[in-house]
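Q: Supplied in structure tokens, the structure appears directly below.
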């Protein structure tokens, strides 16, 4: 959430930033609403001050045996007591209205973020590796998995409907191996602390990360008003909600391997075959909590940690800087990692790493105490996928496919596969 004080002082800057995102100007309406709220606050404060002063004057009038003045003051205090609740309620309503309006305003992009409308305006930052060179014809992951006999969409549909998958045997093990490899890499070599956290959260947690109220249609909600997490970013980031941290203990780096749940409400007709766009999928999440001075360097570091997963798997990928029109709601700058899928003859997103500034921290009231001046400031938050396990499985199947239809296990995963070096068709 943005700072209303900053908006009051920089209305043109807000509208210019929104224009870069393709959004309508909001500064005038926000400032007008804030002025109404501040007027109500001032009116309530003036009324309280007058009531308190009148109460003191009653005592003075009584001491001077001025009964007429005392009665007049008592009547004034009684009237103020009657009027005050309505003014305080107006203040509460205007504050809630302003906070709701602010909660729907996206974050301000950094100046170095390319301006653009959609994914076609994203910029290639770097490319790693090369496309595999084969004599055989590439296949899509669902063709490979079904031919091997370990990927079943029909039974998954019987169980749960569309956008679900059943994996069995060595493919189920490969999925587990990928997740274990990622979490081991990030905890053993990249300095992240592993966290096991709930898969269901309250609305307040999703508000903190910016998923609510704007994106409720993308979430699965339980009958007792909890939500299934769309990403472990929600739980990991909210670990510091309503806390004041010591600056010298920053950065905090958390990672978790969890299922993620998404309704894919806006994805009708997109990637309907296979595992690319699922209602339920495993993902290794990375979250950093830091201060303003360290956030940009931490963003580069986090992205490098995610890239290392793909490098060690020997996968060809590119890192994209997202344009203003394709960035997430809470992001100030985002890098997407896109892995090469031979079966699609295309790069597809496998990780997204974002720096959010203090946008989420304001929503969570998460702060740190400066080590020198002891002033409390909002933390800066970052999040990224390190990486999406299902999409990594897709990439391994398509890039390690052999001419006979078998799939070679990448060397880095062999310690997790119980001696299996190749996945072959089920007998």
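All positions are counted from 1 along the displayed chain.
Each Cβ is built from the backbone N, Cα and C atoms, and glycine gets one as well.
The L-serine binding site annotation in Swiss-Prot covers 231, 232, 233, 285, 385. What Swiss-Prot lists as ATP binding site is 262, 263, 264, 349, 350, 351, 352.
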Q: In Å, how long is the longest CA to CA span across 262, 263, 264, 349, 350, 351, 352, which the record gives as the ATP binders?
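A: Of all Cα pairs among the recorded ATP binders, the widest measures 19 Å.
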Q: Which one, from the binding-site residues 233, 264, 285, 349, has the smallest tally of other C-beta atoms lying within 10 Å of its C-beta?
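A: 264, out of the binding-site residues 233, 264, 285, 349, has the fewest neighbouring Cβ atoms within 10 Å.
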Q: List the residues in the vicinity of the L-serine site, defined as same-chain residues other than 231, 232, 233, 285, 385 with C-beta within 8 angstroms of the site's C-beta centre.
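A: Once 231, 232, 233, 285, 385 are set aside, the remaining close residues are 234, 236, 256, 258, 260, 283, 284, 286, 287, 383, 384.
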Q: Over all pairs in 231, 232, 233, 285, 385, the listed L-serine binding residues, work out the largest Cα-Cα distance in Å.
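A: Among the residues the record ties to L-serine, max Cα distance equals 9 Å.
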Q: Around the Cβ of residue 350 (ATP binding site), how many other Cβ atoms lie within 10 Å? Please give the count over every shown protein chain.
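A: Around the Cβ of residue 350 (ATP binding site), 25 other Cβ atoms lie within 10 Å.
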Q: How would DSSP class residue 385 (L-serine binding site) in three states?
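A: Looking at the DSSP assignment, residue 385 (L-serine binding site) belongs to a strand.
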Q: May I ask for the distance between residue 385 (L-serine binding site) and residue 263 (ATP binding site), taken between their Cα atoms and rounded to an integer number of Å?
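A: Distance (Cα to Cα, whole Å): 19 Å.
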Q: How far is it from residue 232 (L-serine binding site) to residue 262 (ATP binding site), counting Cα to Cα, in Å?
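A: Just about 12 Å between their Cα atoms.
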Q: Starting from the Cβ of residue 351 (ATP binding site), draw a 10 Å sphere and report how many other Cβ atoms land inside it.
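A: A 10 Å sphere around the Cβ of residue 351 (ATP binding site) contains 28 other Cβ atoms.
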Q: Report the same-chain neighbours of residue 263 (ATP binding site): residues 6+ apart in sequence with Cβ closer than 8 Å to its Cβ, ordered by sequence.
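A: Listed in sequence order: 217, 218, 219, 220, 279.
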